[in-house]
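Colleague: Handing you a structure now.
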Amino acid sequence: MIEAYTGAQVRAAETPYLERGQGPALMRRAAHGLALVALERLRDRRGRVAGARVVVLAGTGNNGGDGLWAGAELARRGAAVLAVAVGDRLHPEGEAALRAAGGRVLPAADGAPALRRAVEQVLDADLVLDAVLGTGARGGLRGTAAEIVRAVLDRWPAPGGRAPLVVACDVPSGVSADTGAADGPVLPADATVTFGATKAGHLLPPGDRLCGEVRTVPLGLEDALPAPALRRLEHDDVAALWPRPGAGSHKYSRGVVGVVAGSATYPGAALMCTRAAVDAGAGMVRHLGDAGTRRLVCLTSPEVVASEDHPADLHVQAWVVGPGAVGDPAQESRIDAVLAGPVPAVVDAGALGAAARAAADGALGPAKILTPHAGELVQVLAWLAALGATDEAPDRAAVEADPARWARTAAEATGAVVVLKGATTLVAAPGGTLLSQADGSPWLATAGSGDTLAGVMGAVLAGCAEHPDAFAAAGEWARGDARFAVAAALAVAVHGYASRADGLGPVPPTALSAAVRSVLRLAP
Ligand SMILES: NC(=O)C1=CN([C@@H]2O[C@H](COP(=O)(O)OP(=O)(O)OC[C@H]3O[C@@H](n4cnc5c(N)ncnc54)[C@H](O)[C@@H]3O)[C@@H](O)[C@H]2O)[C@@H](O)CC1
Ligand SMILES: [K+]
C-alpha cells in the first residue's frame, strides 16, 4: 500500500529534526537521492554521465537547495551543470556547493536576453532537474519560472523527438503537493524523486499524470508521520484482502449480490453487470428486471437467478442498482427501495438521480457506494445543490481541476462513499478516508466498462457486508464503515488489472469480465 501525505504533514514531521539542527543533513540526503536517479536516467539515455549537459531550474527555497546540491554531485561526475536561477536569490550553501564542483549559474530574472538564454539551455540539455518549487509552493509557477516553462513547452519536441529528460525534485514545480492541482505551466517529469514520504499530489489528478515514475527517498521520518491523507492499494494488498472462500463457505455465507439493472432499452448493461459479478466470484447473483432482459441474462449467464421480485422480497448481502435501468418505472421503484433500505449497495448510472434525492432526505449512509464519472458527478452535485444539500455546483472543468475536493464534497453531502471514476479513480468516504487507484489501461474508456466495474464491486461488497473486520489486515483504519471504501478500491484495482491482463489493447467489457477471473487467481 502506498500511503501519501500532504506537504504540511511532512513538514511537521521534519520540524523536530530541523530544530535539532539536522536540516542540512536532511537536505544532503534528499539531494543525494535525487542525484542517484538523475545519474541512472542519464546512463540509460546516453551511456555515460561525463559530458552530459544538465540544467538545474533552481527556485529560491530549499527545493532549489536540493537541486543545487544534486547538481554539484552530477558536476563532480563530469556533467556540465548550469543552474538557472529563476528568482532573486539561490539557496546559499547549495549555490556554493555547485560552484565549488565547477557548476555555473545563469541569473534568468535579469531581463529578456537572460530569459531567452535560459530557454535555449533547457531545450539543449540532456537532463533538467526541476527544483523551482516543492512543498513550500503557494499556487502554481509565477514570474520568470512560469515564463521559462511556458516558452520551453511551446517548443517541446513532438513524441519521438529528442526532449530533455526531466527529473522533478519532490514534485513537478507548479503541482500542489497537497492536492495535485496544477495552476499554470508545469514541465512534465520523466521521474519525480520525493523525500520522506509520498505526497498526496503524486497520487491525485491532474498532477499525478505529470510526475512520471515516483521514487521516494527515506529520510528517517517514518515514525514521526501522522495518519496518511490518502492511500493506494497495490497488488499485494489486493491479493491479501480480496474475500476468498474457506473450506466451510457456502454460497450464502460468501455473499449474494442482487442486481437491479437493465431495461427494455438497455438490456446489455444488465448482462455485463451480472456477468462481472459472477466472474468476480460472488456466492450467488440474482437479477431483477423486465422479462426480456431477464431472459437474456439467463442465456448469457445461466448461473444468475433472475426474477421479477421487489428488493423487499429478497435477502441479499449487497445490491448493485442502476446500470441500464432507465425509463422503467418498475426498476425505479426497486432502486428507491434499495436506497431506502439498510443493505450495502453500489449505486451506478441510472440510479444516481434517485440517490441524490435519497441523500437530501438523509436516507443514504456509508454502506452505499455511488460510482459517477466526472460528468455524472457534476450532475449529482447540481442536484444536491438544487435540493439544498450543498452550497456549490461546480462545472466539469472545476471537477477535473480538483477531483479530490469534489469527490469529498459529494461524500460528505450524501453520507455515502463516492467513487469518482477516471484514469485515476478516487474513492472518498464520509469522514475523510480517501483512496486513489490508477491501475487501468486507457482502453478501459469504453461503453460498458462501468457496468462491469459495478458488478465486480457488488461481488466484493457482498463479501464484506456482514464482516466489519473483513479488511482489518490493511490496518485499524480499514475496520467498520471504512471497509466499504476499501471494497470499492479493491474492485477498482481488480477491474484495472483485468484491463491489462492480456497486454495493452482493446478490452471489450465481456473480455474484461473474463480477465477478472485470471486476476483473482493471484496467490493469496
Ligand atoms: N524541510 C526539510 O527539512 C527538507 C526540505 N526539503 C526540500 O525543501 C522543500 C521545501 O522548501 P521550502 O519550504 O523552502 O519551499 P520551496 O522551496 O518549495 O518554495 C519556497 C520558495 O518559493 C517561493 N514561492 C512560493 N510559491 C511560489 C510561486 N507560486 N511561484 C514562485 N515562487 C514561489 C517562496 O517565496 C520561497 O522562496 C521540499 O519540497 C524539499 O524539496 C528537503 O531538502 C528535505 C528536507
Ligand atoms: K520541484
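Placement of Cβ uses the backbone N, Cα and C atoms for every residue, glycine included.
What TrEMBL says about a protein is an automatic prediction, not a curated fact.
Taken from TrEMBL, the feature domain 'YjeF N-terminal' covers 10-227. According to TrEMBL, the feature (6S)-NADPHX binding site maps to 62-66, 134-140, Asp170, Ala269, Gly324, His373, Asp451. Residues annotated as K(+) binding site in TrEMBL: Asn63, Asp130, Ser173. The feature domain 'YjeF C-terminal' is assigned by TrEMBL to 234-523. The AMP binding site annotation in TrEMBL covers Lys421, Gly422, Ala423, Thr424, Thr425, Gly450.
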Colleague: Taking only the residues the record lists as binding AMP, namely Lys421, Gly422, Ala423, Thr424, Thr425, Gly450, what is the largest Cα to Cα distance between any two of them, in Å to the nearest whole number?
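Modeller: Among the residues the record ties to AMP, max Cα distance equals 14 Å.
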Colleague: Could you state the CA-to-CA distance between Lys421 (AMP binding site) and Asn63 (K(+) binding site) to the nearest Å?
Modeller: 33
Colleague: If you measure Thr425 (AMP binding site) to His373 ((6S)-NADPHX binding site) at Cα, how many Å is it?
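Modeller: A Cα-Cα distance of 9 Å.
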Colleague: I'd like to verify something. Among the binding-site residues His373, Gly422, Thr424, which ones have a C-beta closer than 6 angstroms to some atom of ligand 2?
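Modeller: Checked binding-site residues vs ligand 2; nothing flagged, none.
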Colleague: Please report the number of other Cβ atoms within 10 Å of the Cβ of Gly422 (AMP binding site).
Modeller: 17
Colleague: Between the binding-site residues Asn62, Arg138, Asp170, His373, Gly422, which lies closest to Asp130 (K(+) binding site), Cα to Cα?
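Modeller: It is Asp170, whose Cα lies nearest.
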Colleague: Based on Cα distances to Arg138 ((6S)-NADPHX binding site), point out the closest of the binding-site residues Asn63, Ser173, Gly422, Thr424, Gly450.
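Modeller: Its closest listed neighbour, by Cα, is Ser173.
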Colleague: Within the domain 'YjeF N-terminal' (10-227), what mean pLDDT does the predicted structure show?
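Modeller: Averaged over the domain 'YjeF N-terminal' (10-227), the predicted model reaches a pLDDT of 96.
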Colleague: Roughly how many Å separate the Cα of Gly450 (AMP binding site) from that of Asn62 ((6S)-NADPHX binding site), to the nearest whole number?
Modeller: 44
Colleague: Could you check which of these binding-site residues, Asn63, Ser173, Thr424, sit within 10 Å of His373 ((6S)-NADPHX binding site), going Cα to Cα?
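Modeller: Final answer: none.
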Colleague: Report, in whole Å, the straight Cα-to-Cα distance of Ala423 (AMP binding site) from Asn63 (K(+) binding site).
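Modeller: Rounded to the nearest whole number, the Cα-Cα distance is 29 Å.
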Colleague: Filter the binding-site residues Asn62, Asp130, Asp170, Ser173, Lys421 down to those with CB closer than 6 A to an atom of ligand 1; keep them in sequence order.
Modeller: Asn62, Asp170
Colleague: Tell me which of the binding-site residues Gly65, Thr135, Ser173 ends up closest to Ala423 (AMP binding site) in space, Cα to Cα.
Modeller: Ser173
